[in-house]
Each structure stands twice: as structure tokens, then as C-alpha cells.
Amino acid sequence: MKWLQIHITVDQDQVDFTETLLMSLGAVSVTLDDAEDQALLEPLPGETPLWNKVIVTGIYQEDDNDPIDVEKLKAFLQAQLPNIPMRHEQLEDQVWERAWMDYYDPIQIGEKFWIVPEWLEPPEADATNIKLDPGLAFGTGNHASTFLCLQWLGKTDLKDKVVIDYGCGSGILAVAALLLGAQKVYATDIDPQAVLATKQNAELNNVLERLYVGLPEEFNTEFKASGSQADVLVANILASPLMMLAPEFATLIKPQGEFALAGIIEEQVDDVSEVYQQYFDILNIEKREENWCRISGKRHSQA
């Protein structure tokens, strides 16, 4: 099986349209990358943590018996995005799996974190450097929801705290919490590949001994066996499962424990907040690029 990558370099205000366009044409995934080697610094109020120039990459799966007409696809894209630079490349499976290593650079998240590919040296040795090899699991710091969660963790007192990372993906949030002093992190994801990636990334950062990660059923058994409740919970998934999980999260977090939810777009904030207000005090709603939002607050004093 082969893969086709279409790389389109656009301005910040064209990202949403370009991403939607690529997905509507059958892309199996879309990624965003810095086009001009800019640091992703902590934004001022009203600003967004997205680069001015962005490479939007659509990934298409090619069937050997029905190959994609690349020129026809590019012609259509160029009609929708006139005078916009774009290029394509076709990758075999083995090359595609690690192709991003050729151009992946450290990413600065605010002023506290650097996300550093495992094969590169950290740009700032004294910063909180998260070594990462996400493979195909979600969560590299590029996406707005991951940024919002990292930003929140960086401002939260995690010293000697018990933390839950629900929907851990690559493990980036679990690792960040441990590097910031969490006593223990319990992480879970429905994807076995994410569980493996989280273990590998925790090992890369020398924090594996303070991490438990498993599929949800395994996680539930392990966490209940611990006899504790979490001081902090972070969940970067989607609005629908977040609303379904609200009663369960209320049992996992101790009274006055802190939480942050992401993977929510602006239009979903009211619905999610309404469900969570039954169990939690909503203290802050933070909005970032392309309408992605974070809801944070504390568990009610009485369980």
C-alpha cells in the first residue's frame, strides 16, 4: 500500500479552509507544521498559538488497483487555492511510517515546555524538555487542544500530586505532568497503540516508574485498587465522550480536585459545561485557534 502526501503552505487565516478542503477530498488525516521556523510562544490575550505561515499536509491512502490521479487532485486544489504553493510526494509504507523524522524540529510551547524529538538535542537544557516519539498516536503539541492542555498543566501545581490523563494519545500530557513533579500519573486510552506510545515516551523521559497506563477497563481496575482519588485530571478527547464520562470523572477526582477538558470546539462549550456543572465548578473557559477550547475548574466540595 502507498500513501500520497499533499503539502500546502498557507497563511494563518487560510488553515481552517485548507484543512476542511483536504478532508472533504478524502484525506485520512491532516497535520499542521511551522513553515518559517517560528517559536510557538505564549500568546497574548486575543492571540492564537498558530504560526503566521503554516504547512497543511493531507495524507491520502492509495490503492494499487485504483491509484489517485495526482495532477487532477492538485488542479482542483489549485482552483480552490489559487497562487498557493503546494507540492506532493508518494511514500511506501515503510517510508511513510517515519517520514516526519526528516523535517520534525523541536516545538516551543509557551515559555515552559519544549517538545523535542528523541533524536535531537533540546534547544534549552534548563527548560522542561519533553522527549517525544509519538509514532502514529495523537498528541505532539502541534494541535491547539494539546497546546491548551500543556499550557494549563504548566500553570497548575502538580508537585507530589496524583494525576489522571484520560485519552493519553502519545502520552505527552502524562509525561509533562510527571516532569512537573507529579507523584503518580494514571493514563488511559482506547487505542492499544497509544498505550504503547505512552509507555515508550515515558521511558524516553525517565519517568516510567511513576506512570501507570492501560486500556480503560484495565485503568479502572488499577485505579480503584489504589484506593485513592486524583488531585488533577486532564482529558483531551472529544465533546461527546467527555459528556458521557462526566459522572465517572466525578468519582475519580477528589473534592476540590482540579480538572481540564479539551478537544471541544466553541459551539460545544455550553453543552459540555452544562453537564459538568452538576459535579464541578467551571472556573475558566479558554479559546484558541480554529475555535478549539479548554474548560477547567474544580470538583464540588461535596461528592
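The backbone N, Cα and C atoms fix where each Cβ goes, glycine too.
Copied over from Swiss-Prot, here are the features:
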{"type": "BINDING", "residues": "T146, G167, D189, N236", "note": "S-adenosyl-L-methionine binding site"}
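Shown are the binding-site residues G167, D189; of these, the residue with the fewest other Cβ atoms within 10 Å is G167.
Take the CB of N236 (S-adenosyl-L-methionine binding site) and look out to 10 A: across all protein chains shown you find 26 other CB atoms. In the three-state DSSP classification, T146 (S-adenosyl-L-methionine binding site) falls within a helix.
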